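Worksheet: one structure, shown below.
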Amino acid sequence: NYLETELKRENTVLIMGDMNISPGDLDIGIGEENRKRWLRTGKCSFLPEEREWMERLMSWGLVDTFRHANPQTADRFSWFDYRSKGFDDNRGLRIDLLLASQPLAECCVETAPVWATFRR
């Protein structure tokens, strides 16, 4: 693992992009019936093995900048199914993430599901 072998937790690190993983239940906004169906069929961004992979990154010391600033927010998403007009109904998933090392996360002054502002 590159993080573990090449970097230190005190380094300034930002891993960002379309991870296609909803790290927590608050990041799933497609309704309970759809969530269960997606899990059954394996069409997912929140399978247990996907979340385990994400947890490995977090356990290294990365911070989900949006979730850190918005611990209870359950209605902000970065992906919407255009075929079912998910954007119109705010039905979506938060699968695009900005994961910052602790030193960088401490400089995060503003964040949204797909962007963040950092100041020293």
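FYI, residue positions are counted from 1 along the chain as it appears here.
Glycine too: its Cβ is placed from the backbone N, Cα and C atoms.
Curation does not apply to TrEMBL; its annotations are automatic.
Listed features, source TrEMBL:
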| type | residues | note |
| --- | --- | --- |
| DOMAIN | 5-111 | domain 'Endonuclease/exonuclease/phosphatase' |
| BINDING | ASP18, ASN20 | Mg(2+) binding site |
| SITE | ASN20 | site 'Transition state stabilizer' |
| SITE | ASP96 | site 'Important for catalytic activity' |
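Annotated pair ASP18 (Mg(2+) binding site) and ASP96 (site 'Important for catalytic activity'), C-alpha to C-alpha distance, rounded: 4 Å. Each of the recorded positions ASP18, ASN20, ASP96 was scored by other CB atoms within 10 A of its CB, and the lowest score goes to ASP18.
The two recorded residues, ASN20 (Mg(2+) binding site) and ASP96 (site 'Important for catalytic activity'), show a Cα separation of 7 Å. If you take every residue in the domain 'Endonuclease/exonuclease/phosphatase' (5-111) and average the pLDDT, you get 94. Helix, strand and coil counts from DSSP across the domain 'Endonuclease/exonuclease/phosphatase' (5-111) read 44 helix, 24 strand, 39 coil.
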